[in-house]
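Peer 1: According to TrEMBL, the domain 'Choline/carnitine acyltransferase' annotation covers 43-613. TrEMBL lists 348 with the feature active site, proton acceptor. What TrEMBL lists as CoA binding site is 424, 428, 429, 430, 431, 432, 433, 434, 435, 461, 509, 560. If you look up TrEMBL, you'll see 457, 459, 470 marked as (R)-carnitine binding site.
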């Protein structure tokens, strides 16, 4: 009922031009979001034996038999009645009874806030939007103004609790992440970070931050009666910002946020000792979101546009280009380049890709609408430029951050491709899951290059549960290994290959279903390990085992992020000798982003991207050339 109500209200509200949306306080229907959240089930703790059995099965294709045997003995020991495993399992079950979600706090800490690598490349995903054509900078400003108005339109649905509830397999999903992405920011610490969210303050923020030529401005986006500024009003304000920041700032203060977290934590404490600096930083942190008006990069050929745009979204191109035109701790930063390169980067701690994509889809649609709102002729205050006092020590920190950023920029190897042979349409015509089809093709591409199977991570949503984040779909299975080894074996007949492909795809589908229902193994094993750290003097041997280290060394870190918009998300690898692979399957094509590190001799993004295209085509040909014998 709730979903239908929310959806009809949204549909009814969306035909109105945004300037006519009533002030937030009037239309706020309190409690609907809360009632929805309370109706969601809690994340289960899977049975211990089930996880141990599935863990062994997942290890089979990626560790050698001797190692597997050793792990089997350790798991038997771990599961003995009255033993360590049982104690830890009981502890987890108790934790699950007491908490809204036994995993979410632990996950936020271990996956994000305790992680000390820079958020740039290593954690924050970028999104490449379709290229815009701006004939002049007025075009850039105009688009930026529409985009800002579109985000505010989406924000009104969050504030009024009229966001349509999402469903997966007929089950309502947790909507909490939508309430975490606006007016929030990560704060660096010298040992661990924190996240602040100002959206729930008594007086929530009413401004955004705009960065141009490394200079930060506060732009108020609401009138005194709480109505959002119109597109025309925002455009005029952006013009003022542009005209008062024509020269590039000598010190790109924002580049500090790209450094190693401990270094940035130390520099941050030093930076905010100064009262002016502290107020400026606080204004950025409190802002609803950030808009980065980027300088044009050197021209690139059309087929290189997406790859270049991927680089621009992930890190800005280095200290000479736009890397200083960011505040990487900010949850949401929209990037609008003078040359029509558009997209965003988001800080990963508060949310996964799907809520971000849902916001993007809304905003992109909004920017296509023609304006119907008459702009009131009210003179608007000049946007406030944020001042920073740069001491010699801060200057030194900026120089260090610049050098480190440029090293990261040189190390990132990325290829963003459009696979145009087919999209979701072909696997669907074969009654196969498009995601499973792509994942098996990726397994085949990797095997063809390296002649081995590797640990593979695909994120699965746990949003069927209250405060759910993600678990891991382990795409490398016994079945996928059998298929990839058979595919290029001339001794095998096509009918056998098709049967093995079918089995591999079904195995992936089954693992996916298991994961979204809270029955995967990775978060459960992590929970048992963290429980052991809290409860025991020593870590159980299964967590000191070579197999565990191998299982967590994800040479392929992958994610499907579907969108209505013809966009693609990109992120860096999670291990030095690995790949990051993200894809958006559209009806008749697939957008891919593949990343690797240049410092690793064995990896090459373009080679894997090409291998993936070849595998997809070969799998399609195999199915089309083989008589339908499948059940």
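Glycine residues also receive a Cβ, built from the backbone N, Cα and C atoms like all the rest.
Just tell me what is around each of these and how deep it sits.
Peer 2: Using a 10 Å radius centred on the Cβ of residue 348 (active site, proton acceptor) and all shown protein chains, the other Cβ atoms total 20.
The local packing around residue 470 ((R)-carnitine binding site), expressed as other Cβ atoms within 10 Å of its Cβ over all shown chains, amounts to 23.
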Peer 1: Name the residues of the same chain, 6+ apart in sequence, whose Cβ is under 8 Å from the Cβ of residue 433 (CoA binding site)?
Peer 2: 427, 505, 508, 509, 512
Peer 1: Within the domain 'Choline/carnitine acyltransferase' (43-613), what mean pLDDT does the predicted structure show?
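Peer 2: The predicted confidence over the domain 'Choline/carnitine acyltransferase' (43-613), as a mean pLDDT, is 93.
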Peer 1: Considering each pair of residues in 457, 459, 470, all listed as binding (R)-carnitine, report the largest CA to CA distance in Å, no decimals.
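Peer 2: So the maximum pairwise Cα distance among the (R)-carnitine binders is 11 Å.
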Peer 1: Rank aside, I only need the closest one: which of the binding-site residues 429, 435, 457, 459 has its C-alpha nearest to that of residue 348 (active site, proton acceptor)?
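Peer 2: Its closest listed neighbour, by Cα, is 459.
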Peer 1: Give me the count of other Cβ atoms within 10 A of the Cβ belonging to residue 435 (CoA binding site).
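Peer 2: A count of 22.
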Peer 1: Around the recorded (R)-carnitine site, report the further residues of that chain (criterion: Cβ within 8 Å of the mean position of the Cβ atoms of 457, 459, 470; site residues excluded), sequence-ordered.
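Peer 2: In sequence order, the nearby non-listed residues are 458, 460, 471, 472, 473, 557, 559.
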Peer 1: With CoA as the bound species and 424, 428, 429, 430, 431, 432, 433, 434, 435, 461, 509, 560 as its recorded binding residues, calculate the greatest Cα-Cα distance and give it in Å as a whole number.
Peer 2: 25
